[in-house]
Structure formats: structure tokens, C-alpha cells
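Just below is one structure, and these are the notes that go with it.
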Amino acid sequence: MAHRPLIAPSILSADFARLGDEIQAVAGDGDTRADWVHVDVMDAHFVPNLTLGLPVVQSLLKATDLPLDCHLMIDDPDRWAIGYAEAGAYNVTVHAEAATDPVKIAKDLRAAGAKAGLSVKPGTPLEDHLDTLKHYDTLLVMSVEPGFGGQSFIAEVLDKVRAARRLVETGHLNVLVEIDGGINADTIEQAAEAGVDCFVAGSAVYGAEDPGKAVAALRDLAVHAQR
Ligand code: DX5
Ligand code: ZN
């Protein structure tokens, strides 16, 4: 049984000129409050899109007390990930496809006080990274090809979620399972049933009239689907 589902709105779908206010929209009290804020860092090399980097994250850390979940879609995370942990990000996720020494990255992230996350693209098998994952706190299963918000959910990746959930339940892994891409009111229940703990949602939150209400509605769907 997974724990209380966590909702992590992705600011990729927010208004970049008003990021502080956009985070405040999901930082209210009670059910409308996000659990984490998901920050997509893209370098136009690992993915064909460019977003923001460490200076923006440093400013966001001053603007909110919500935990920042930094998803690094960048080449050479061995060099760059540590800065996000040292800045105070709650969870720093690197891509398995981009990391040269992911075990060292995890150790360094943890030593800097952050949780360490490992992400796999839709076509990347979990089996190749199981030993590495023993050093990590979160597993981010991509349910779209990384790079852009608003894409359609790839349901096939739920096999990886189920496999990870089984490994957690049998004590072979100790990670929180996170999913990212195409999560909305139509897809969150199947992801929750498969065993996801943390749901990233960009367009489903920031494309909504009231982002806080969207957070509450998504969490509610996940809670009921888990049972
Ligand atoms: C895509 C990013 C996602 C993105 C999800 O590469 O990693 O976090 O913001 O957006 P939606 O929820 O719209 O698919
Ligand atoms: Zn992301």
C-alpha cells in the first residue's frame, strides 16, 4: 500500500513571468496545498527545450516554503546536480540516461542534505538500474518523452511502476515512486492503482481555472484509487 498520495504541480506550465505568484496559488491551506513544487530544468541538449537553471531555483527557494522537487533534464548531471542540493532543493532528480556515476551523485546529493532522485525515460528499462536505485530516495518514472508539458500519458510505463512497487513492498527497494507526464483527472487513477506515491501535474494544475482546487481534486482521485 502506497502512502498518502503527494501532488507536485510542475511550474513548466505556469507563467514564467510570475513564478512566485504561481507557486502561491498552490501554497494555500488544507487540501488545495501542493506537497512539492516540481521544477523542470532543461538544457536544450539532453532534451530539445530550454527552461531555467540554478539562479531561478535559488530565487524560488526564497519565495516559498514548499519543498522544491528539481527534475534535471540535463547532460552531465555529475557536474551540475550538486548545486541544486546545496541551494536547498528538497529532492534532486537526475536522469539515468545522462548520469556517468549515478551512485556518486546520490551520495553527494544526500551528503548535501537533499533527497536523491533517479529518473527513467519511457523506453528505459528499470532492470538496468536496480542496483543504482538502492542508493536513491525517489524513482521518477517518465510517462511522456521528457521535454514538453501537455503531452499524452504513455500507459505502458505503468508496468515499471508496478515492478517498482513490488520491489518496495518486498523490501528490495526503498524509494518513493513518482510519475511525470500526462497526469490529469483521466489518468491519475490508473497511476495510483499501479502504485505511484507522488504525481507530477503541469497542465492539469496550471491550465485549470483554480490551480489549488485542481491539486485537491487530483489528490482526491488518487486517494480513492489507491484503496
Ligand atoms: C516534461 C516535464 C514534466 C511536465 C509535465 O518533460 O518533465 O514535468 O511539466 O507536464 P504535463 O503534466 O502537462 O504532462
Ligand atoms: Zn518533470
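Using N, Cα and C of the backbone, Cβ positions are placed for all residues, glycine too.
Feature annotations, reproduced from TrEMBL:
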- Ser10, His71, Gly147, Phe148, Gly149, Gly150, Asp180, Gly181, Gly182, Gly202, Ser203: substrate binding site (BINDING)
- His38, Asp40, His71, Asp180: divalent metal cation binding site (BINDING)
- Asp40: active site, proton acceptor (ACT_SITE)
- Asp180: active site, proton donor (ACT_SITE)
Intrachain C-beta neighbours of Asp40 (divalent metal cation binding site), sequence separation six or more, cut-off 8 angstroms: Ser10, Ile11, Leu12, Thr51, His71, Met73, Gly202
Spatial separation of Gly147 (substrate binding site) from His38 (divalent metal cation binding site) - C-alpha basis, Å: 14
Of Gly147, Gly149, Gly182, Ser203, binding-site residues neighbouring ligand 2, Cβ under 6 A: none
Count of other CB atoms lying within 10 Å of the CB belonging to Gly149 (substrate binding site): 21
Beyond the site residues Ser10, His71, Gly147, Phe148, Gly149, Gly150, Asp180, Gly181, Gly182, Gly202, Ser203: chain residues whose C-beta lies within 8 Å of the centroid, for substrate: Leu12, Ser13, Asp40, Val144, Gln151, Val200
Residues flanking the divalent metal cation site, with Cβ no more than 8 Å from the Cβ centroid of His38, Asp40, His71, Asp180 and excluding those residues themselves: Ala8, Ser10, Leu12, Val39, Asp69, Cys70, Met73, Thr93, Leu140, Val200, Gly202
Ser203 (substrate binding site) in three-state DSSP notation: helix
For the binding-site residues Gly147, Gly182, the one whose C-beta sees the most other C-beta atoms within 10 angstroms: Gly182
